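Structure record follows, encoded as structure tokens.
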Amino acid sequence: MTKQTEYKRKPEWLKIKLNTNENYTGLKKMMRSKNLHTVCEEAKCPNIHECWAVRKTATFMILGAVCTRACRFCAVKTGLPTELDLQEPERVADSVVQMGLKHVVITAVARDDLKDGGAAVFAETVRAVRRKNPFTSIEVLPSDMAGVEENLKMLMDAKPDILNHNIETVRRLSNRVRARAKYDRSLEFLRRAKEMQPDIPTKSSIMVGLGETREDLIEAMDDLRANNVDILTLGQYLQPSKKHLPVIKYYPPAEFAELKEIALSKGFSHCEAGPLVRSSYHADEQVRSAKEKTAEAK
């Protein structure tokens with residue numbers, strides 16, 4: 001077995017306690033009954049049991065379950081996507097009511113087959129959730145929508161409470177990790193979002209363990225801050241299958257703590273960093289912290 005395909009043994013700090021209580025099974029049944037998808041399941045998130053069973057939160061994945069891209073870190077299915085489901089926004093909104101969520105994250109597969117990248121359905125989902133859940137904060141996590149400004153404007157005009165778009169990795173590794181996305185296009189996407197709606201916090205995420213250096217990570221932090229990104233999440237990359245990129249390094253919790261301190265010193269209003277941190281992990285706490293910092297700055 002070559003170094004590139006070898007599975008590294010996971011360290012103790014990555015072992016997860018599984019919890020499949022009534023909250024977990026109830027949420028799973030509800031998602032199936034409403035024909036909805038979650039990135040928690042599709043992307044094999046390691047926190048699914050904590051979020052579903054303990055925190056009773058979930059990240060809805062709209063626009064189908066098949067992505068038009070094939071990023072080498074991601075477990076989501078790729079291929080020819082299904083037709084748009086125009087009733088999906090209302091079903092998501094109804095599910096948020098049923099779950100009693102105070103904060104909801106809405107993400108989507110990349111839909112490069114659509115002229116608007118799925119922006120219209122994304123925006124309508126935000127509006128539907130807002131109509132039926134006026135006190136629920138809404139976080140959106142879109143693809144770069146091919147970098148088309150009109151698509152981003154359509155989404156930002158729906159006034160989500162937070163705009164999240166992930167650069168995923170450092171500049172040096174970006175082409176290898178996500179060939180059909182572009183590092184600078186993602187930075188521009190984040191910058192334009194802030195220009196369109198200055199009061200809406202922006203957020204991005206970086207996976208570590210793909211071969212990046214500390215200098216690479218600091219450069220990425222500087223790039224995000226130069227484009228006015230407010231919140232950063234840092235988490236350990238975990239190889240979904242042998243077909244995906246291998247893990248080069250497992251970062252210990254102490255190193256994540258160091259990276260968090262560096263990020264906060266750069267001016268991020270909030271940084272969530274840890275081995276099991278994912279973009280939507282404790283998202284409700286992140287948006288609350290960012291809004292408090294924004295209010296203090298005024």
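Quick reminder: no glycine exception, Cβ is built from N, Cα and C everywhere.
Annotated features, as they stand in Swiss-Prot:
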type    : residues            : note
BINDING : C40, C45, C51, S280 : [4Fe-4S] cluster 1 binding site
BINDING : C67, C71, C74       : [4Fe-4S] cluster 2 binding site
DOMAIN  : 53-269              : domain 'Radical SAM core'
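Note on the binding-site residues C67, C71, C74: the fewest other CB atoms within 10 A surround the CB of C71. Over all protein chains present, the Cβ of S280 ([4Fe-4S] cluster 1 binding site) has 28 other Cβ atoms lying within 10 Å. In sequence order, R69, A70, F73, A75, V76, T78, V109, A110, R178 are the same-chain residues whose CB sits within 8 A of the CB centroid of C67, C71, C74, the residues recorded for [4Fe-4S] cluster 2 being left out. Note on the domain 'Radical SAM core' (53-269): its mean pLDDT in the predicted model is 93. When the alpha carbons of C67 ([4Fe-4S] cluster 2 binding site) and S280 ([4Fe-4S] cluster 1 binding site) are compared, the span between them is 19 angstrom.
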